[in-house]
Amino acid sequence: MQHEENEIVSKSELLVVTGMSGAGKSLVLQNLEDLGYFCVDNLPPILLPKFVELMEQGNPSLRKVAIAIDLRGQEFFKSLVKEVDLLRSQNRVIVDVMFVEASEAKLISRYKETRRAHPLNDNGQRSLIDAIEEERNSLTEIRSIANYVIDTTVLKPKELRAQINHLFNRNDIETFSISVTSFGFKHGIQQDADLVFDVRFLPNPFYVEALRPLTGVDDEVYQYVMKWQETAIFYDKLLDLLKFMIPGYKKEGKTQLVIAIGCTGGQHRSVALAKRLAEDLNESYDYNVYVHHRDAHIESGVENEKS
């Protein structure tokens, strides 16, 4: 029995995601990508065997693959059940099927909100209700062979994420990460930041000639920035605030929190504080914590640091 389990574990996993248009397949795919799946949207079923051949070549990034297939490719979709049955019978990879659905009323509501055309009604010749009914009837067979059926009628996005995480994060992989970035306001704000802190009120090493060409990574600059009382008070408050906020962000289903610390040029003060913050957060949590000094190299000439 142990031998059989090892054989199963060694196989790559293929998850086919299909279901009703507007039920949330794209969101499911995003959540699976966060769990380490290699995701492909709208692959014609006839290409599934070719994709499995790629998976069998041993590429580590293709150990877990999720492929969304739906009625957008109507002429190809009819072969989906046949292709899935064939792959399952060959037993080359683990093949699962997820079917995502929602009630007619909820689907109608979502289409009205997005103002998008249903894939079976792109010419506007039929009612939305008729298009939904035809699609549901067309998907009866593929639904019958699904391992997982998820009804998103009453699910909020974070609840759907939690359900996907429960089903497919089998190894309890920690998917939450924290990225701490230093930047200079004169070079533009960090666009992807969730939280931005302005430290231009702190004493500036730029005006100390010996420190000017260095960065906050250098010990001389780091010690200069940290020696001031206002820096110590600010940093203690910042760390307390973040330790209060971070669990809440994770609970809400975020997979990455980007914290940006900015000073004038992004070379001295923000770098020193980002460096310390990343170190302290790394000690406090089991999450992956990264530090990135975006602008430190621009005026100092040092290489941009990512860790």
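A Cβ is built for glycine as well, from the same backbone N, Cα and C atoms used for every other residue.
Per Swiss-Prot, the feature ATP binding site maps to Gly19, Met20, Ser21, Gly22, Ala23, Gly24, Lys25, Ser26; the stated evidence is sequence analysis. Taken from Swiss-Prot, the feature GTP binding site applies to Asp70, Leu71, Arg72, Gly73.
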Where Gly19 (ATP binding site) sits in the secondary structure, as DSSP reduces it to three classes: strand
Binding-site residues: Met20, Ala23, Leu71 - member with fewest neighbouring CB atoms within 10 Å: Leu71
Within 10 angstroms of Leu71 (GTP binding site), Cα basis - binding-site residues out of Gly19, Met20, Ser21, Lys25: Gly19, Met20, Ser21
For Asp70 (GTP binding site), the one of Met20, Gly22, Ala23, Gly24, Ser26 that lies nearest, given that the binding-site residues are compared by Cα: Met20
Spatial neighbours, same chain, of Gly24 (ATP binding site) - Cβ under 8 Å, 6+ residues apart: Val100, Ala102, Ile150, Thr152, Leu155, Leu160
Sparsest Cβ surroundings (other CB atoms within 10 Å) among the binding-site residues Gly19, Gly22: Gly22
Neighbouring C-beta atoms (10 Å sphere around the C-beta of Ser21 (ATP binding site)): 23
Where Gly24 (ATP binding site) falls in three-state DSSP terms: coil
Additional residues around ATP, ordered along the sequence, whose Cβ is within 8 Å of the centroid of Gly19, Met20, Ser21, Gly22, Ala23, Gly24, Lys25, Ser26: Asp70, Val100, Glu101, Ala102, Thr152
Nonlocal neighbours by CB distance (under 8 Å) for Ser26 (ATP binding site), same chain, sequence gap 6 or more: Asp41, Ala68
